[in-house]
């Protein structure tokens, strides 16, 4: 693999991962804890708290996935990718900052859903930029560096946010004011991280420009669906991705909510999840380098098997020490499975249709996480056991593994046929 230094465009692209990761770290740590406070003040039980949080995450991902399909197609037209990326990023960052204005749990969830939509759809355009800012043999490395620096860089604003949220009493600041500052800091960090990318990015690959962007986008989207059906190596991979990444995102979305509902210490939970970020940094880089020696498909399969074991382990989780073990294990494989899936897919698709194809990728990825979060909430309510709810993810990972192995064989045949 080419080991030359990262280009300006590659560094600018990686920097946005540092910014948006600060928001998603907040989503998986402080936000559900604060929502627990709002819900508790309204008399919501721990099981219903977990369920409503899961339902909100599901609604956000469904809406974002539907919008992402249209936006992905539009972004393939010349000059649109950067503009759509900026609009989605601005929506998400503004909503993140506005979370501090919410005083009821219902209002908080509505604003949260808007922030998640902006976040997810900015990533449709962002991921589709990968073929424009680097070349095929460098994609695994650049994608892995994005996630790696996202994990470690997001800890900078998170450290300040953690200090404000946990130490507001010592500082003499009301919780509401402290949380307003937390959301504002994260929003500004997120927006600032996009400045260099907006300055450096140039759309290299694009579809023919039409006079009606939305209509043309929908038309090309239909054509892309037909193409994907014929491209079995892509179609089966997307099915596999739908299942295994669904479990990954469900665990990210529900981890702190799950631990909080189990009655685990709040400070301990947040510290454990911060440890996940630090562990994920070197392991993300490691998987990027391993992809230069071993097939990316095989490495993704290793990550899925590890996550299947994590889901089974979660069934028996009862203590804070066990949650620390869970957090470290997640950190070891989280970056690898995300970054390699992104670069693996980018090397399969036509570069000039990256927006459309990544719109589908987003539906099967972040959009698909409605299944996992909904399943956790549903099983938890039906059985009265949150452990069984999280443990149900093992089934999703198992299905994803079987489909990935099939997709990787098809991709190998496709590459050999096109050599």
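Using N, Cα and C of the backbone, Cβ positions are placed for all residues, glycine too.
Automated prediction, rather than curation, is the source of TrEMBL annotations.
Marked as domain 'Major facilitator superfamily (MFS) profile' by TrEMBL: 1-409.
Counting only same-chain residues 6+ beyond the ends of the transmembrane segment (12-35), those with a CB under 8 A from a CB of the stretch are 6, 49, 53, 89, 92-93, 96, 99, 105, 108-109, 112, 115-116, 119, 122-123, 126, 129-130, 133-134, 142, 145-147, 149-151, 153-158, 161-162, 165, 179, 182-183, 186-187, 189-194, 196-197, 199-201, 252-253, 255-257, 260, 266, 269-270, 273-274, 277. Annotation comment: TrEMBL describes 12-35 (among others) as transmembrane segment.
The annotation transmembrane segment is assigned in TrEMBL to 55-72 (among others).
Taken from TrEMBL, the feature transmembrane segment applies to 84-102 (among others).
Under the heading transmembrane segment, TrEMBL lists 108-126 (among others).
Taking Cβ pairs closer than 8 Å, the transmembrane segment (147-166) reaches residues 14-15, 17-22, 24-26, 29-30, 33-34, 173, 175, 178-179, 181-182, 185-186, 189, 266-267, 270, 274, 277-278, 280-282, 284-285, 288, 331, 335, 338-339 in its own chain, all 6 or more past its ends. Residues annotated as transmembrane segment in TrEMBL: 147-166 (among others).
With a cut-off of 8 Å between Cβ atoms, the residues of this chain six or more beyond the transmembrane segment (172-192) that come close are 19-20, 22-23, 26, 30, 34, 37, 89-90, 92-94, 96-101, 103, 156-157, 160-161, 164-165. The transmembrane segment feature in TrEMBL is assigned to 172-192 (among others).
Per TrEMBL, transmembrane segment is recorded for 234-252 (among others). Taking Cβ pairs closer than 8 Å, the transmembrane segment (234-252) reaches residues 24, 27-28, 61, 228, 300, 304, 307, 310-311, 330, 334, 337-338, 341, 344-345, 348-349, 357, 360-361, 364-366, 368-369, 371-373, 375-376, 390, 393, 396-397, 399-404, 406-408, 410-411 in its own chain, all 6 or more past its ends.
Positions annotated as transmembrane segment by TrEMBL: 267-287 (among others).
Remote same-chain partners of the transmembrane segment (299-317), defined as residues 6 or more beyond its termini with a Cβ less than 8 Å from a stretch Cβ, comprise 244, 247-248, 251, 258, 262, 287, 290-291, 323, 325-326, 329-330, 332-333, 336-337, 340-341, 344, 387-388, 390-394, 397-398, 400-401, 404-405, 408. The transmembrane segment annotation in TrEMBL covers 299-317 (among others).
The transmembrane segment feature in TrEMBL is assigned to 323-345 (among others).
Under the heading transmembrane segment, TrEMBL lists 357-379 (among others).
The transmembrane segment annotation in TrEMBL covers 385-405 (among others).
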